[in-house]
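Sharing the features that Swiss-Prot gives for it:
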type	residues	note
BINDING	Arg191, Gly192, Gly193, Arg194, Thr311, Asn335, Ser523, Arg584	CoA binding site
BINDING	Gly387, Glu388, Pro389, Asp411, Thr412, Trp413, Trp414, Gln415, Thr416, Asp500, Arg515, Arg526	ATP binding site
BINDING	Val537, His539, Val542	Mg(2+) binding site
MOD_RES	Lys609	N6-acetyllysine
Amino acid sequence: MSSQSLYKVSGNIAANALVNNDQYKKMYQESIVNPEGFWREHGKRIDWIKPYTKIKKTTFDDHNLSINWFYDGTLNASANCLDRHLAEHSDRVAIIWEGDNASEQRQITYGELHTQVCKFANALRSQGVRRGDIVTIYMPMVPEAAVAMLACARIGAVHSVVFGGFSPDSIASRVIDGKSKVVITADEGMRGGRAIPLKRNIDDALKHPDVTSVEKVIVLKRTGGKVDWVEGRDVWWHSLVETASEHCAIEEMGAEDPLFLLYTSGSTGNPKGVLHTTGGYMVYASMTHEYVFDYKPGEIYWCTADVGWITGHSYMVYGPLANGATVLIHEGIPNYPSPARLGEMIDRHKVNILYTAPTLIRALMAEGKQHFDKYDGSSLRIMGSVGEPINPEAWRWYHEVIGHEHCPIVDTWWQTETGGILITPLPGATDTKPGSATRPFFGVQPALVDNMGNILEGATEGNLVLLDSWPGQMRTVYGDHERFVLTYFKTFRGMYFTGDGARRDEDGYYWITGRVDDVINVSGHRLGTAEVESALVSHELVAEAAVVGYPHDIKGQGIYAYVTLTRGTEESEELRQELRQWVRKEIGALATPDLIQWATGLPKTRSGKIMRRFLRKIAANEVTNLGDASTLADPAVIETLIETRLNRNE
C-alpha cells in the first residue's frame with residue numbers, strides 16, 4: 001500500500017484517545033474469544049433497574065433463530081438518557097438547536113429536557129397511550145422530536161419514527177403495518193427555506209381506507225401555518241403539556257422488550273419494520289458513540305442525519321444522550337442558504353465532532369472550496385462518514401477542506417438492521433485508507449463468503465456476512481418473523497447476510513463495494529459499481545456519478561454511467577470520451593463505461609441515498625413501469641433522465 005494512501009494516527013491523538021492500537025487488538029480479541037465476559041463487563045456502562053445475570057443466548061441457525069442479550073435484566077432507555085445525568089449534570093446543555101433560519105436558536109439542559117419529556121410522557125398517557133402501544137412520530141428536526149421519542153420510551157410505548165419528507169402513502173403503509181394508536185406531528189416543518197406540510201400529509205395518510213387504528217393526532221405548533229382540524233381526533237401539543245405534571249415514573253422494561261420500530265425499504269418494495277429492543281441496543285449505541293468518536297465529556301457533537309433514519313436514532317438521540325453529550329440538532333440542510341452553512345455552524349457552535357454523509361460532502365465539493373475561505377474549523381477534532389461508501393476523492397476533500405488535515409475520519413459501515421456501527425476506524429487506533437471502513441468494532445465478526453457460502457480467507461472479495469450476534473442487532477421484522485429469517489439467515493446458513501459485497505485487503509481492512517445487486521458482471525468479471533463511481537468522481541469535472549449494469553448483447557452486462565458535472569462545466573462528446581479513458585486508466589479496460597448519460601440530478605431519497613432501481617430500469621430502457629417514486633426528494637429527476645436516456649430500442 002503506497003504511503004500516500006495511508007493516513008497514520010498522529011502521536012497526539014493516539015496519546016489522548018480512549019483506545020490505542022494495542023488496546024484495540026487486546027479488546028477485540030477478548031470480545032471474540034470470550035464474548036460473555038466482555039459484554040458482562042461493558043453492559044454495565046448503562047444503568048439497570050434489575051441487573052442482568054444472563055448475557056447472551058444467540059444462534060443464527062435459520063431453523064432455531066435466537067437473539068437475546070442481557071435478557072434477564074430490566075431498565076428504561078429514557079432514564080439512561082436523562083435521569084442518570086441529573087445529580088451531577090442537570091445544568092449541562094443536552095441539545096443545541098439551530099433552525100432552518102439561523103436566527104432561530106435554542107439550548108436545552110439535561111434538567112430542562114427531563115422536565116419536557118416527563119410532561120409529554122404524561123400527556124401521552126392522558127391520550128390513552130400504554131406500555132406496548134405503537135406511536136407514529138412524523139416530525140421536523142426540532143428538539144420535540146427527541147422529546148417525543150424519549151417520552152414513548154419512558155412509558156414503555158414503542159415509537160415508529162417516519163422521516164418528515166415521506167409521502168402520505170408511505171406514512172399510511174407504516175401506520176397500517178404498526179397499527180398505531182397515536183400519531184405525533186407538527187403543523188409544518190422548515191427545510192431549505194420551504195415549509196413542509198406535515199399535518200396535511202398526516203391528514204391525507206389517515207384518509208387511507210385501511211387506516212383504522214389511529215385515535216389521536218398530537219400537533220406541535222412549529223410555524224403557525226394554517227392547518228385543517230379534525231375535532232375529537234386532533235389535539236395541540238402545547239395544550240396537553242400545559243397541564244401535565246413534571247413528574248413521570250419510568251416503566252420498568254425487560255432488556256428484550258421493544259424500544260422502537262423503524263421501517264426500511266425491502267427488496268420487494270414493501271417497507272419492513274425493523275424491531276430493536278431496549279437493553280442490547282442501549283449498550284451498543286452508547287458504547288459505539290463513545291469509542292468510535294472518541295467522545296470526551298463536554299464536547300459538542302453534531303450528527304447531520306435526520307431523526308427519521310437509524311443514524312438519527314442511534315447517534316443523535318440514544319447513544320449521545322446516554323453518554324451525557326451535548327448534541328447539535330439542525331432543522332434544515334447544511335448547504336442552505338449557501339454551501340458555507342456547514343462551516344459557519346461548526347464555527348458558531350464550536351463543534352468538536354462532525355458525523356455526516358458522503359452525499360453532502362460531494363454536494364459541497366461540486367460547489368467549490370471557496371465557500372470555506374472564511375471557515376476556521378479549529379474546534380473540530382473528529383469527523384465521521386455514514387450512509388454509503390465514501391469515494392477516496394470525497395474522503396480527501398473532506399479531510400483537507402473541512403478537517404484542515406488534522407482530524408481523523410471514521411468511515412463507518414453499518415445498517416438500520418445492525419442498530420449501531422459495525423466496521424469502522426477508531427481515531428486513536430486505526431491508520432486509515434480513503435474509502436475503507438477498515439476494521440470491525442468489538443464483538444463484530446465479519447467474514448467474506450463466495451456464492452456457495454464458503455468462507456474466503458486472506459485478501460479477497462465476496463459477500464459480506466457476520467458470523468455471530470452483537471447486542472445492537474435487530475430482533476425481527478415486525479409482524480413477519482419469517483421474512484426476517486428469509487432475508488438475513490437463509491442465503492448463507494448459520495450467518496447473517498448483510499446484502500453488501502466487500503473486499504478485504506492485505507492489511508485485513510474492509511472496503512464495502514456496494515449492495516450485492518450493485519455488482520456488474522462484465523464478460524464474466526465482477527465489478528463493484530462503487531469502484532467505477534469512485535473513478536469517475538475522482539475526475540475534477542465530475543460532481544457525482546451513479547453506475548449500473550444494463551443488458552449487453554456481447555458482454556452480458558454493459559456499464560451505464562449517469563454523470564453530474566461540476567457547476568459551469570459544459571457537456572460535450574469530447575468530455576464523454578475523456579471520462580471513458582479516465583476510468584480505463586484508473587481501473588482498467590474492463591471497467592470502461594459503455595454509455596455515459598449526462599444527468600443534472602440523480603433520483604435520491606430525502607436522506608440522500610441514490611435509488612439505483614430506477615437507474616437500472618432506465619438504463620435497460622424499461623421505462624413504462626418504474627414503480628413508486630413518492631419517496632424521492634425530487635421525482636421530476638426521473639422524467640428528465642427518461643427523456644435523455646441513451647439505450648433506446650427505437
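The backbone N, Cα and C atoms fix where each Cβ goes, glycine too.
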Please work out the number of neighbouring Cβ atoms within 10 Å of the Cβ of His539 (Mg(2+) binding site), leaving out its own Cβ.
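Taking all protein chains shown, His539 (Mg(2+) binding site) has 19 Cβ neighbours within 10 Å.
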Considering Cα atoms only, can you say which of Gly192, Gly193, Thr311, Val542, Arg584 is the nearest neighbour of Lys609 (N6-acetyllysine) among these binding-site residues?
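Comparing Cα positions, the candidate nearest Lys609 (N6-acetyllysine) turns out to be Thr311.
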Could you tell me the C-alpha distance between Trp414 (ATP binding site) and Thr311 (CoA binding site) in angstrom, no decimals?
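Rounded to a whole number, the Cα-Cα distance is 9 Å.
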Are there binding-site residues among Arg191, Gly192, Arg194, Thr311, Asn335, His539 that sit within 10 Å of Pro389 (ATP binding site), Cα to Cα? If so, list them; otherwise say none.
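Passing the 10 Å Cα cut: none.
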Starting from the Cβ centroid of Val537, His539, Val542, which together make up the recorded Mg(2+) site, report each further residue of the same chain whose Cβ lies within 8 Å of that point, ordered by sequence.
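Going along the sequence, the neighbours come out as Glu393, Ala535, Leu536, Ser538, Glu540, Leu541, Ala543, Glu544, Ala545, Val563, Leu579, Trp582.
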Is it possible to get the count of other C-beta atoms within 10 angstroms of the C-beta of Trp414 (ATP binding site)?
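Neighbour count, Cβ to Cβ under the 10 Å cut-off: 25.
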Nearest to Thr416 (ATP binding site) by Cα distance: which of the binding-site residues Arg191, Gly192, Thr311, Asn335, Arg584 is it?
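Nearest candidate: Thr311.
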Whole-number answer please: how many Å between the C-alpha atoms of Val542 (Mg(2+) binding site) and Arg584 (CoA binding site)?
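Roughly 16 Å, rounded to the nearest whole number.
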About how far apart, in whole Å, are the alpha carbons (Cα) of Arg584 (CoA binding site) and His539 (Mg(2+) binding site)?
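Computed Cα spacing between Arg584 (CoA binding site) and His539 (Mg(2+) binding site) is 12 Å.
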Between Asn335 (CoA binding site) and Gly387 (ATP binding site), what is the CA-CA distance rounded to a whole number of Å?
18
Using the alpha carbons only, what distance in Å do you get between Gly387 (ATP binding site) and Gly192 (CoA binding site) once rounded?
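Gly192 (CoA binding site) has its Cα 21 Å from the Cα of Gly387 (ATP binding site).
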Please classify the secondary structure at His539 (Mg(2+) binding site) using three-state DSSP.
coil
Using a 10 angstroms cut-off on Cβ to Cβ distances, just flag whichever of Gly193, Gly387 is the loneliest among these binding-site residues.
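Comparing Cβ neighbour counts within 10 Å for the binding-site residues Gly193, Gly387 gives Gly193.
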Compute the C-alpha separation of Arg191 (CoA binding site) from Thr412 (ATP binding site), stating it in Å without decimals.
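Distance (Cα to Cα, whole Å): 26 Å.
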What three-state secondary structure does DSSP assign to Arg515 (ATP binding site)?
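DSSP assigns Arg515 (ATP binding site) to strand.
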Which one is closest to Gly192 (CoA binding site) in space, judged by CA to CA distance, out of the binding-site residues Thr412, Arg515, His539?
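Given the candidates Thr412, Arg515, His539, the nearest one is Thr412.
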Would you kindly give the Cα-Cα distance separating Val537 (Mg(2+) binding site) and Thr412 (ATP binding site), rounded to the nearest Å?
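Val537 (Mg(2+) binding site) has its Cα 20 Å from the Cα of Thr412 (ATP binding site).
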